[in-house]
Amino acid sequence: MNQDGKSALFPTYSRYPIALVKGEGSRLWDDQGKEYIDFMSGLAVTNLGHVPQRVKQKLVSQLDQLWHVSNLFHIPNQEQLAQMLTDNSCADLAFFCNSGAEANEAAIKLARRYNRKVLGKERHEIITFQQSFHGRTMATLTATGQDKVKDGFAPLPEGFVYAPYNDADALESHITERTCAIMLEMVQGEGGVNPADEDFVEEVVRLCELHGLLLIVDEIQTGMGRTGRLFAYEHYGIEPDIITLAKGLGSGFPVGAMLGKAKLREAFTPGSHATTFGGTPIATAAGIATLETMLEEQIPERAHALGEYVVKQLGDRLRGNSLVKQIRGKGLMIGIECAEPIGELIVEAQREGLLVVPAGPNVIRLLPALTIPQEDLDRGLEILCSILARKSVSAV
Ligand SMILES: *Cc1c(COP(=O)(O)O)cnc(C)c1O
């Protein structure tokens, strides 16, 4: 506390009056001992639940060995995680960083440098989409297709163009001789849980091929099993040139990664890009244990099955509810679009022991752990559906 009785933190977040102090699986406890079912996963981070034992054990043993060395040396864990990620995706190379914004920042830099240094083209513009979210650094907030994240931060970096999402017809007119890449979320997260349409993605890929543009897929929220496949691009049968990851990659330990195709290797030569903490032995240990667990325990398949179950349950129980406009999503990334703002509903759910998160003013976003026990899932759905039913009745 400051002398004026206010928090010593910058007020960048409007925080709920809850202090969570313990977590296990899909349950959380606050400092008053109240228990919650977690349908947020720290915003698609703790995809394996809180304190997953296998990741914990790997971290604990790494903590005894070595925490940090400079990237001027070989880091075996980093090599291993790069191998695992490329073995399980269409990418061939990895660069490690610490957050989603940094992964996208690396992708933007790589796209520009590949065009200049490898293709010899003076192209630098990247097409992104309205309602997209790509991060809070200067370049990534500029890439983001929402004005609210840009307020007060001008001058912004140059070189981003915004096309309407899921509008196949509108895309081509945004391509010029300056365009070098298209950056896309397969399901927009912050923008309201909007899955990309098949025909829209087909058009994106067709135009990338036609104009020699790089396709950057931001899988920071959709990756690591969240949508029912390890990566959401797999639903569409496409092969992005660049994939960015963070949130779920370290089960809560900060790890970001940018994955890319082999042709991009010569664009990121020694000295062209770096970060002190990228891919430390500890960070990459968290990534290795997370990915091992996901693959061995078939977590993406589980997310797919549970996602179908949740959408069916919601559909059955909310049929005729005047508040609910649409239920949509992929795997365990599900949005319930409501006819009204949902701020109050979120607080009511918290009071009844369920944590959910909004995606924009009207969409309730469900992001439970992919490992959530059936019992916790059903309990959470029960709380949510009964609040929605109550609200629907009181709205009439
Ligand atoms: C969260 C998110 C980011 C930013 O990640 P940070 O780790 O907060 O920098 C970027 N893109 C998408 C799609 C995200 O959901």
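Any Cβ shown, glycine's included, is placed from N, Cα and C.
Values in this document were obtained by computation on a predicted structure and should not be read as measured data.
What TrEMBL says about this one:
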type    : residues                                       : note
BINDING : G100, A101, F133, D218, E219, I220, Q221, T276 : pyridoxal 5'-phosphate binding site
BINDING : R136, T275                                     : N(2)-acetyl-L-ornithine binding site
MOD_RES : K247                                           : N6-(pyridoxal phosphate)lysine
R136 (N(2)-acetyl-L-ornithine binding site) and D218 (pyridoxal 5'-phosphate binding site), distance between Cα atoms, whole Å: 14
Candidates A101, E219, I220, Q221, K247, T276, namely the recorded positions, that fall within 10 Å of R136 (N(2)-acetyl-L-ornithine binding site) by Cα distance: A101
Rounded Cα separation (Å) that holds between A101 (pyridoxal 5'-phosphate binding site) and K247 (N6-(pyridoxal phosphate)lysine): 10
Contacting binding-site residues, sequence order - F133, E219, I220, T275 vs ligand 1, Cβ under 6 Å: F133, I220
Proximal but sequence-remote residues of the same chain as E219 (pyridoxal 5'-phosphate binding site) (Cβ under 8 Å, at least 6 apart): M186, F231, A232, Y233, I243, T244, L245
Greatest C-beta neighbour count within 10 angstroms, which of the recorded positions R136, K247: K247
Neighbour tally for I220 (pyridoxal 5'-phosphate binding site), based on other Cβ positions within 10 Å of its Cβ: 27
Cβ-Cβ distance under 8 Å to Q221 (pyridoxal 5'-phosphate binding site), same chain, at least six residues away: L43, A44, G100, E185, V187, G189, E190, K247, M333
Intrachain C-beta neighbours of T275 (N(2)-acetyl-L-ornithine binding site), sequence separation six or more, cut-off 8 angstroms: N71, C97, N98, E102
Recorded pyridoxal 5'-phosphate site residues G100, A101, F133, D218, E219, I220, Q221, T276, farthest C-alpha pair in Å: 25
